């Protein structure tokens with residue numbers, strides 16, 4: 001008996017040690033917000049360039065870290081210059097909804113392992129559990145989602161006319177991230193970009209590098225719909241504030257540490273999906289008014305019959321509670337005005353910036369436009385260059401030459417990303433900017449090599465500028 005007991009203890013200890021080791025290995029992933037996982041998953045910073053040239057020379061726009069839009073899609077969202085740029089959760093355009101609630105998908109060979117397939121299935125199961133969307137695997141349907149390996153984590157918005165990617169780099173292969181990316185594919189945008197967001201959060205542009213400003217500009221309200229569902233701090237589609245500290249400030253302070261959760265869909269997410277796809281009518285439930293902001297759920301749930309009224313439990317792990325079991329509305333938000341700090345903290349947005357510099361000591365100069373935004377602390381760029389008028393994308397001259405600066409749909413974006421190329425700078429000297437930024441790194445290099453390189457570059461720079469002016 002004692003032998004069995006000792007053996008049981010040994011086995012239990014062995015299992016516990018494995019579990020603790022697993023937790024330590026995955027701590028950095030499970031504790032991260034949605035946007036932190038997305039940002040850290042991309043091996044190259046260039047993934048977050050706004051403009052990307054795809055196969056066939058098509059130009060696509062990457063915005064908000066994980067939304068991949070065609071130029072036409074972007075134009076349709078922004079091409080109302082006289083309307084405030086506001087954004088809601090889901091598109092009004094019914095053509096982007098999946099026909100008959102059927103979503104076709106394919107798990108490509110690049111992700112076809114049992115482990116990854118099971119995680120994708122878990123995310124799909126969550127959508128099928130809480131909505132009337134039916135996911136069916138297919139490699140032949142033209143309109144289908146393709147789960148694939150990628151240089152980052154991103155999705156397109158709504159049903160497309162051809163196979164559309166949900167790219168999952170290794171750091172994004174978790175249930176919560178995949179639920180989030182599927183949310184985009186079924187037609188959702190980010191919660192923190194709603195037109196009424198300023199009643200619930202403040203965006204502190206003073207602490208956000210100019211390169212990231214477009215990620216916080218909202219869309220035209222005429223093309224996006226909230227279905228009259230209140231703002232949801234805990235939505236699976238809401239970003240947190242740990243990538244850009246202080247960028248999103250909740251006006252109900254009790255939610256500051258809750259935004260950016262990646263556990264799963266909340267009550268309001270579920271309600272939005274059901275109303276958006278008209279699930280109760282499609283599935284034959286009668287119309288009825290539910291108390292306490294509830295909705296009619298077409299399927300049986302927690303041993304309760306179909307077509308019952310379900311309300312917000314306040315628990316993301318078990319988000320639905322029978323409305324009939326409640327006797328009052330959920331507590332209201334405690335909103336208050338908050339004074340935002342104006343001092344920008346000095347930090348690296350990307351992890352492993354120091355490793356990048358160790359691999360290439362000149363990377364701060366070679367990729368200055370990127371390193372200013374992603375590795376400001378490591379490159380000693382904090383507080384430098386932001387008073388300079390400069391481009392933040394290498395493709396700016398090409399875009400300006402194509403007259404994109406004059407396109408109403410892209411004017412605001414390019415004024416932020418490409419002011420020099422778009423002629424918005426009164427005084428724009430690349431040499432002066434480089435001198436300012438390179439000088440900031442000089443004291444970090446004791447070899448004198450950087451000073452020599454800087455002098456050489458500045459001589460060449462001034463020579464090119466002078467020659468250009470003389471032509």
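Placed from the backbone N, Cα and C atoms, the Cβ positions cover glycine too.
Contacts of residue 181 (active site) defined by a Cβ separation under 8 A and a same-chain sequence distance of 6+ are given as 66, 153, 154, 155, 166, 168, 172, in order along the sequence. The secondary structure of residue 181 (active site), as reduced to three states from DSSP, is helical. TrEMBL lists 181 with the feature active site.
The Zn(2+) binding site annotation in TrEMBL covers 180, 184, 190.
According to TrEMBL, the domain 'Peptidase M12A' annotation covers 89-280.
Annotation source TrEMBL lists domain 'ShKT' at 346-382 (among others). The average pLDDT computed over the domain 'ShKT' (346-382) stands at 92.
The annotation domain 'ShKT' is assigned in TrEMBL to 389-425 (among others). Residues of the domain 'ShKT' (389-425) grouped by DSSP class, helix first, strand second and coil last, total 16 helix, 0 strand, 21 coil.
If you look up TrEMBL, you'll see 7-25 marked as transmembrane segment.
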> Can you list the residues of the same chain, besides 180, 184, 190, whose Cβ falls within 8 Å of the Zn(2+) site's Cβ centroid?
Replying inline: 34, 64, 66, 67, 155, 181, 183, 188, 189, 236, 237
> Using DSSP, would you call residue 190 (Zn(2+) binding site) helix, strand or coil?
Replying inline: coil
>> If you count CB neighbours within 10 Å, which one among the binding-site residues 180, 184, 190 has the smallest count?
In response: 184
